[in-house]
Structures are given as C-alpha cells and as structure tokens.
C-alpha cells in the first residue's frame, strides 16, 4: 500500500506542476532551471493585471484602482491614513479566483479596531497557465505591484512602510519581487508568504524568490512541504524572518492522501486539486483563523527540527524564540531568521496549548520496560482525562523522559495530575512472573516501576511546575494502578 501511495502522490505532484520534469513539455525552459535563466524572456501574453479595492466586508466585486488615474482612489474609497493590505493569489488550475480570497477580505475589513485598506492583485490570466509559464510571470506581476505602490507614494505621499503584502503559493514570490523592485533604501512594511510555492524556487538564490530582504518584516507559513521525487508543493527552506512550520510543515491534520482514490471516484480529477489544496491552502486558513480568533492566537516556538519539538525541548520564549502565527505576529526588526514549530487542530479554531512533561522513572526490573501510560490533568478551568503517553523507547533504570503534550482546551493553571499504568494481558503475565521480593526497611516490596517526579512547563504561559507523588509512602506503580501527583517545592528541572 505504501508503494502505491508514493506513486500516486508523485503522479499528483506531476499533474499539479504540469512540468517537463514529469515528461510534459510546456514549450518553456526545462523544469528545474532557476528564474534567472528565463527572467529576460517576456511573458507569453501582455500583462493583464487588475488592482481591486474592497469597501467593506461584504464587498465581492471590488473597485478597480488604475495607476496614473487618481480619481479611482476617491471612487474606491482609498484612505491614505490607513495601512494597505494587498492579497496576491497563486497559480490557478481553473481560471477562477479562489473562495478563500473573500474570507480573508471579510476578516480584514471586519476588524474595526484596526481599519485598513484591503486590496487584491488579480493576475488570474497570467496565473492560469502551465506552471512553468506562471512562474515566469511572477516577476512581471511583482514589478506591476511595485509600480502601483510607487505611484501611491508619489501621488498620495503614502509611505511604503504602511504596505502589507499577503501572497499565497506563487503569490508569495510575486510579493517578494514587488518588494525587491521598489528601489531605494526604504522597504515596504511587511510581506506574509502563505505556503510559498516550492517547484522552481526551492534552493534558488534570494533574489529569485521571496526572501527576508524584500520587506522590513517577512513571515511565512509552511504547510505542505512533503517531498516526493524531489518535489514539494510548498517551499521547504526558510525564506523569512519568521518561518512557521505547523505540525512540522510537511502535511496537515485532516488532510489524507489515503482518501485520494475515493475522492477521484466521487469527484473525478478535480479531487486531485482538492486533496493537494487541503494541506497547501491550510496556510491561508491558519492566517484567517488568526484574524477571526484574535483571542486564540497560535504560538510557534523556535526549534532546530520537528523531532526535538516533539520531545517538548523547545518551549522557550526568551529572546524572541516564540511568536504568534498570523496577522498579529510581533514584528521584531533586524532579527536573525528563526524557524518555529507548533501543533494545530484539524479545523478552526486551530489553537492548541503546548506542554513539556519531563517524567523521572526508576525501573527496578532488570530489563527495559515499555508499558502503556495515560495521564489525567486537572486545572483551575478544566479537567482532561486519560491522555495517552508515548515515550518512544523502553524505560531503563533512573532516567528522565521528555515529551510534548498538546491540549485542545485551556485548562487554566495545572494543579494536579493522575498517572496511570494501563493494563494489558501481556503486562499482567509479565508482572506476575518476574516480580521479586525486595526488603525495604522491615516491610516487603515488589520490584517494579517508580515515577519519582514530573516537571511541567506550559509553553503559552511559560509557567514551570513540579509535581511529586501525593503518597510518599507508596511510590511503586503497578499495572492498572493510578498515582496522584500534586505540586511540590522541588526545583524545576531545566
């Protein structure tokens, strides 16, 4: 099944990019050549780009801004005292604007406390091409966006620092080219890349893609970087000041390639686009979620890789090591590029709460143990029962294990936890045959497992807590047994 899945995924990617790398020549430069090889060639058609401005959250048509026609600024309700947020869509497989555009427009316009001008760069006629041709057109579209911003600067004294470009997929690189085409020492304020496109951009130099040099502040959300045949829909490499990789960035919860065949049977080849868009477009919905649920901001934490993050080793917010994903990110100037990871839910609101648990075991048996545990957490707001605990390796003598646990609810301050060794027929038999008598003072005790101390760190609040067994006279943990742990005054383990 795994091999068939790999093949189907590779075929999906080939169809997605429609490039000569998969044996589909498009009459342009071969796939894999960087943009520098084609940038001198003109696009296959005259640029057809519209700049639309939206008056309110229900506006679906927009009003067209025309550079060098100042009357359109008044007609479209442009307010020079408010920032300008421009949305830039990506490659198109059907020649239609995607429905998420109206969602993000509505979310931006509905924030009355932070009024902004909301616009759209409609380059659909240049995006509805073979992928390699659309890639070539991104530089031209970026230059046209820069021309619009320069005109606003000259005619309205509108500072480029008040501009925020939000680009999805190929649109992210359009944003980068717009920023780099502005000229002068001053840069536009912010660029947000929503799963910036990978094919023909991965591994290229900064001037051939979105990079931190293109704006005062650049952030990117990577949601579909899973590679097959050396290709990934979204770019994998960091390209911003803050690069967020939700759930590791390779794929997203709720998006299943295993359902591809079922979707094709039900919806035809359109199912291929739907399956890919689930993970690729998740970046957009995470950004919209940050606008619609400003009280439930997703927090990303700087980490070297997803494996370390999954062990809970990176929940540190010192020196800008954590930040909010999405619209309300803290914009820190002149920051060294940071790679951040986080876990999300499969649907909006996407926020989860991250906790690091460090559990100190003492194994009194001779061989490593791999039992199954669950933990119940009691907070000041909520209680969550029977969270499965996966250690990833056998328990050896006197060792501390670190793991990441995420909660869908805010439980408040953690005040007590219950740690249970879940029973199984195998472990019951093992326990009955290998237990031995140990003398401890004058009372007999059975050799087994002791959970000595549990250290907890809450990622979102940065609070550290230490928990010790409630009954210090009975430390042994046996199958089916549950131990209560309460806060104690031991020094938190770093």
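Cβ coordinates come from backbone N, Cα and C, glycine included.
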Correct range for region 'Essential for determining substrate specificity' (source Swiss-Prot, candidates 255-278, 279-302, 303-326, 327-350): 255-278
Residue 280 (active site, charge relay system) to residue 195 (active site, charge relay system) - Cα separation in whole Å: 6
Averaged pLDDT score, the region 'Essential for determining substrate specificity' (255-278): 68
Spatial neighbour of residue 169 (active site, nucleophile) that is closest, considering only the recorded positions 79, 195, 398 and their CA atoms: 195
Residue 195 (active site, charge relay system) to residue 79 (N-linked glycosylation site) - Cα separation in whole Å: 30
Number of other Cβ atoms within 10 Å of the Cβ of residue 169 (active site, nucleophile) across all protein chains: 30
